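Remarks on the structure that follows.
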Amino acid sequence: MSLCGARANAKMMAAYNGGTSAAAAGHHHHHHHHLPHLPPPHLHHHHHPQHHLHPGSAAAVHPVQQHTSSAAAAAAAAAAAAAMLNPGQQQPYFPSPAPGQAPGPAAAAPAQVQAAAAATVKAHHHQHSHHPQQQLDIEPDRPIGYGAFGVVWSVTDPRDGKRVALKKMPNVFQNLVSCKRVFRELKMLCFFKHDNVLSALDILQPPHIDYFEEIYVVTELMQSDLHKIIVSPQPLSSDHVKVFLYQILRGLKYLHSAGILHRDIKPGNLLVNSNCVLKICDFGLARVEELDESRHMTQEVVTQYYRAPEILMGSRHYSNAIDIWSVGCIFAELLGRRILFQAQSPIQQLDLITDLLGTPSLEAMRTACEGAKAHILRGPHKQPSLPVLYTLSSQATHEAVHLLCRMLVFDPSKRISAKDALAHPYLDEGRLRYHTCMCKCCFSTSTGRVYTSDFEPITNPKFDDTFEKNLSSVRQVKEIIHQFILEQQKGNRVPLCINPQSAAFKSFISSTVAQPSEMPPSPLVWE
């Protein structure tokens, strides 16, 4: 680390130990590469990622209909037509108007699309008497991802021209179980307030309840994810690894403080933007922790490679330690650029884990089902081979391997917590870099950097899921969700709805959910 970085480090540590202090602020040069570049720790990043303008690519925002009311005049009166990126364009950046600029002149939209969009705006007036002012259409642009329980597209918000992500939650009201799961995810997305956890910026206006089948959630648009970065050919510096791991654990500490288990932490669910800010996403499998150990929990969780041994061994009760196991697997994958435990089946998955950690004690297997214990005890007794972790890469230093070994502990009660992992010295440089040039919680002044009083905040009160206890029918949940969405509407913003006449929308509507191969595999039935 440079002298400047070391100086910032000393000041940051002073802030970490209790006062606010400052570090020199400078200018950040933008790099256009697949792998986001980290700003040096002593420089301040002045720009929000949404404000990166990519040369040679214009954002097309089409005004559709001018409203004359003063409320409408205050809002941007435009319906967004797709700002299509050239298929050959490689950069993962999305254009948007610079701060304070109106969207530039757009290519003319086909007349029928304009007419259809205008008709849609009108059509929504009588349906939503609670928002008499107006509504704006949002038009899908291109698919950017398929989660376990939804499809994600990039869109342009017609109110400010910003690029955002639109997630379609399909088949919401098929049965009571899917209703509850979607409502839980929706409530979580609206509850989260943390820079390393994806949250809802907005929810599109629902139609009349009789036509209410899908839910559309607007979130920040992220350019990549950790899976794409890991499999890319670009080298990952130890600084990248530290700042990514720091943010994963920072987000996880917040989730766990809310009493939430994510239950599907994997590289593809860790979104990364163009300046390396990371956000945990996809809460389709998340739930509140179960404190009553006699209550059974579902085992259909976590993609196999990242699945903790207690789940593989059929434990009917598990804790947030399952997420830490997944983070350990990802940490090793960041270091070695390959999946740590890449097995063909759940039984082989368990065998690969015991090859590394050695045969677990009976105490460590106390929550396992009898069939799983028998499988372990039938096999040969294995010695641990943890020193092999040093061969992952030259970045697998003593500090790195020490932290990794605290995460990859067979017994979940002895596995390190997110809070304690964040206090590990390996992450000091990641914390420094994040808070001196990447975060939104600290800021730079003419005299230097002013640090937040709490580098890794938690939430209080916890996320409350008691609302689920009283949900008894699909129609009842549908009405409650419909009302919940209407209540979420921020009063100061024009409500958004989709233009159902557009070709892009029809493609979006018909886009399918993840194929079965992408779903977490079914649990192993131990004999």
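Numbers here mean position along the shown chain, with the first residue as 1.
Glycine residues also receive a Cβ, built from the backbone N, Cα and C atoms like all the rest.
As written in Swiss-Prot, here are the features:
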- Asp264: active site, proton acceptor (ACT_SITE)
- 26-54: compositional bias 'Basic residues' (COMPBIAS)
- 122-131: compositional bias 'Basic residues' (COMPBIAS)
- 138-427: domain 'Protein kinase' (DOMAIN)
- Thr298: phosphothreonine (MOD_RES)
- Ser522: phosphoserine (MOD_RES)
- 1-125: region 'Sufficient for interaction with DAPK3' (REGION)
- 22-72: region 'Disordered' (REGION)
- 90-140: region 'Disordered' (REGION)
- 124-416: region 'Sufficient for interaction with DAPK3' (REGION)
For the domain 'Protein kinase' (138-427), the mean pLDDT of the predicted model: 93
Coarse DSSP state, helix versus strand versus coil, of Asp264 (active site, proton acceptor): coil
What Cα-Cα separation, expressed in whole Å, is found between Thr298 (phosphothreonine) and the residue listed as 'active site, proton acceptor'? 13
